[in-house]
């Protein structure tokens, strides 16, 4: 075949081996040659890694002889072989041979020690592990050729500081337990020195450290440090720590295998104590769960046990439960008094008089073994209603208990009582005394309003809604009972009352009634126990009504059209005002008339006019501002006033006051003053146009219960022998004249 061409052997170069770390350089590796030309006519060259590629300059060739040289030391761990291309050219640069491969193999030498993957290997194994339990693998590597003995490693344990508890697999480096008896409480950590050697254990070596920790198991129960413990605690102290019981556990501190649990087995049937574990020290802390009373029990003897939170391992040695005796002595201290009933609830009738017993509110002293005296005081009594016996604790009323009152809360009065002992220092307690003020039916219902307006015929407009109020609280108030007075049975012919609700009733006209004012006696009764009733007058204005049931009378219509004031209320107000003014005028005029009659008699007996002196000491009626209410000369000298003259007018009367219809005859002497006043009163009563400021209506009545007796009066002036005027001589010079006249 023309396509195939025979290649000469001289141009086919077999692989060349050269040992790494060869120090004799340059070193001839091989000579290549081509027989296409005569010697000296061929140019040789090589290309590839180590020549014109990184790493540069390791290999070179003599271009005329074809010799290939090694120019640097080789490291198999960096490059284990080099693949080059060889070229043959003539002097003109033409290719004489096809490029051929030149492979250079770097032969390994044992120039690398084994290397462990880490300097310190860490492993864990539970104490008491069976032999053959593997913990970890301490493996190493070797950079030499793995196909040679240079990288064949063997492992061994150089040192483990014990009785050969661990072994290592020579080929894999796996470390396992070698024998039983691993006890964390004896040796908790093992430090092993492990070696790796190449050349199957005969070459280069290296070492590492293997640290093996034994993991704890609960193979040791807790134990008390001693069999008996003694403690003290004050009585009445709750929630305080009494003391500690100490234990020891060989297991790992802080682990669940070490944590202790305590139990009180005997000596505390009431549950007065509790015991818990101190998480930091693992000791038992005994605490008071309920207040202790030295007077009841002054010492306790407790049996306490301890065990782990976790159960013991089956491999742990069996042992009985640890027990200890704890003796607790209760110290006696002063205790505060105690109100056994707090708050204390009692009841008192409304309006109970002062001195009424309320309750005996006392406390007890828990210190029965100490002689102490309790005293009591009112700590809180906002209305100052109560008084308290400081030794007996008896509470009584100081004043009448009133209802309603701002100090009552829902009908209850709250007071605080303080009890104090005489210890050093003294202790006290506060008790609450709740007093219920019981309602008493002491008020009868009151008609509201007491007046009204209605039409004088049955039907529309002939009804009036009546109401009532009662100052008592339920159940002594509503429902109210309204009825016509039983003393006047004839009222039932014209009137009827029907119940509207619990507080109101409806008054109805039964027959045609003439217009005018009516006073209707009613009887009102509450629902208390016993019931209270009151007879009252209902003032009615009966008017003529139209078809729509409204009053047609002009006056009544005008009154009812006022700003919120009913006709009945308006008439009551006007009538009451006129009546009060008339009574005041009559009283003032009567007293002043008697006093002035006395003065006239005195002036007739003596030339001295002592009017001013008498006024300064006896102006008890209308006050000093009323000394000039009328001119006294009218009574002293009646002849100066003609019957045809204009009657005197009060200085304080309004200008529009109407004058009497005709002049009255004036009295001719002081003895006729009483008749004069009576005639004026009769004239005023018969004439409705006389205003309340008429002179004849002023009497200056001093009242019936005055503690100061008047100097004289119309009646006493006629019976001087019944009076004792000797005391006037003791009043000074101004009254000696009167004493001489009347003594």
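Just so you know, glycine gets a Cβ as well, placed from its N, Cα and C.
Looking just at the domain 'Cadherin' (10-116), the mean pLDDT is 87. What TrEMBL records for 10-116 (among others) is domain 'Cadherin'.
As annotated by TrEMBL, domain 'Cadherin' applies to 117-224 (among others). Each residue in the domain 'Cadherin' (117-224) gets a DSSP state, and the totals come to 6 helix, 48 strand, 54 coil.
Positions annotated as domain 'Cadherin' by TrEMBL: 234-339 (among others). Secondary structure of the domain 'Cadherin' (234-339) per DSSP, as helix, strand and coil residue counts: 0 helix, 46 strand, 60 coil.
Here TrEMBL flags 340-447 (among others) as domain 'Cadherin'.
Annotation source TrEMBL lists domain 'Cadherin' at 466-556 (among others).
As annotated by TrEMBL, transmembrane segment applies to 567-589.
Taken from TrEMBL, the feature region 'Disordered' applies to 641-674.
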